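S.K.: Structure incoming, see below.
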Amino acid sequence: MFGLALSASQGFSGPIYRVDQVPEHFHEHYILRGYRQPKSSISQCLLSLFDPTNETLNIWTHFLPTCYFMYVTWQLWGAVNFGGDSYSWALLCYLFVCCAFPLASAVAHLFNVMSDQARHICFFLDYSALSLFSFGVAIAYRAYSFPSSLLLSKNVILVWYCDNYVNIAAFNAVLSTLLTCHTRFLPPSPTHKAMRLGAFAIPYFYDNIPILYRILMPYIFSSYQGELNRESDDPSLPLGGHYLHARQFMFTGFAAFWYASHFPERLLPGMFDIVGHSHQLFHVCGILAVMDQLKAILLDFHHRKDFLEGLIPEHHMRLPQDYRHAADVLSFFWKDTGKPVCRVSDDEIALVGTWDTELWGNSVGLLAFVFWVNAVLTALFTIRLMYTGCKLKSC
Ligand SMILES: [Zn+2]
């Protein structure tokens, strides 16, 4: 099969092939050059980091952000009391998944040429890390970024939603792993591509419903709490967080576009084989989205903490009377019990929901559970792969 290797160019890792020199299931849409040896050794994979292949920048565009997210985690480790302050556990979960998902992706792109089966196993790992990331996002959003109007609502459905938002996100994450890994056993088709994109999109949209609500609510309900101005429509959340969350949507939209469209290589096949093809642009936009999300969550984390601890009481005074009571009670009870509560009348208070960061099982424990479920699913799909000897092309 590799008799044509003599005509291939040579890199640190060995020959670098054209598309017609590698098996069909290794082909990438509209990418004509830069293919690595399909049965590379570990050392060849590592050396390929420095070769001009069509995977090299796919690896670096996720490996360097992994280093960045690890650096941010290390910096925060000194500034936040992760061990003793239960309020910070959701942030710790989020930081973990921020480091894990680009690392898993970089590893998958690096080693996927070791064998036909390694290619599939690497991407099982990639997909399960992405689904775990979606779950980590849900934990952080629920802890720091939910609008107060949702948290303090007495509507039975909204109370249930706030209580079960994280549990449903866990279900979505597991479902996403199941569907995306299953697509690797399907023959290539637009349906299969749509199914995989949908399996990533469902957790993303679900996670972001409260954020969309938070950003759009003041515009949809323009008379919303008439005495409030734009700055203080939710005094427990920073306005800067709104903008960063909104920009995160923009970058995610770009990432989805590159992933689904295969632009620009679709227009000029062969021009973007090594630098500038859609998967690299997808990685870069995805990371820019996560960087904005991280900044937004950190802003929300600090601002809501200050608010709940009553450090910015002037914000309380700008609230309508009902909300002012609720905010005071919320603040008081947060410090005393860690439970979110809401004032029903002057004398009566009610527990709004049962989810709170006080319980280890709500954040770190549940993340560990989803992690292990994903690990078991990845192992089961690997066993299925061994039995079927799957060599189908996946995109
Ligand atoms: Zn990728």
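Quick reminder: no glycine exception, Cβ is built from N, Cα and C everywhere.
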S.K.: Can you find which of His27, His109, His120 TrEMBL lists as binding Zn(2+) at the same site as His279, His283?
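M.R.: So, going by the record in TrEMBL, that would be His109.
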S.K.: Report the residues of the chain - excluding His109, His279, His283 - with C-beta within 8 Å of the mean position of the site's C-beta atoms, for the recorded Zn(2+) site, in sequence order.
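M.R.: Sorted by sequence, the hits are Glu55, Leu57, Asn58, Ile59, Thr61, His62, Ser105, Gln280, Phe282.
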S.K.: Based on Cβ pairs under 8 Å, which of the stretches 57-77, 89-111, 123-144, 197-221 lies most in contact with the transmembrane segment (164-185)?
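M.R.: When the Cβ pairs under 8 Å are tallied, 123-144 comes out ahead.
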S.K.: Near the transmembrane segment (123-144), which residues from the same chain, at least 6 beyond its ends, have a CB less than 8 A from one of its CBs?
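M.R.: Tertiary neighbours of the transmembrane segment (123-144) are 87, 90-91, 93-94, 96-98, 100-101, 103-105, 107-109, 112, 162, 165-166, 169-170, 172-174, 176-177, 180-181, 184, 200, 203-204, 206-208, 210-211, 293, 297, 300-301, 304, 355, 357, 362-363, 366-367, 370-371, 374-375, 377-378, 381-382, 394.
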S.K.: What else in the chain is close to the transmembrane segment (89-111), if you only count residues 6 or more beyond its ends and a Cβ gap under 8 Å?
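M.R.: Sequence-distant neighbours of the transmembrane segment (89-111): 42, 45-46, 48-49, 55, 58-60, 62-63, 65-66, 69-70, 72-73, 76, 80, 82, 118, 122-123, 125-126, 128-130, 132-133, 135-137, 139-140, 142-144, 283, 287, 290, 294, 297-298, 301, 357, 360, 363-364, 367.
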S.K.: Six or more residues beyond either end and a Cβ under 8 Å away: which residues meet both conditions relative to the transmembrane segment (364-387)?
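M.R.: Sequence-remote neighbours of the transmembrane segment (364-387) are 89, 92-93, 96-97, 117, 120-121, 124-125, 128-129, 131-132, 135-136, 139, 166-167, 170, 173-174, 177-178, 181-182, 184-185.
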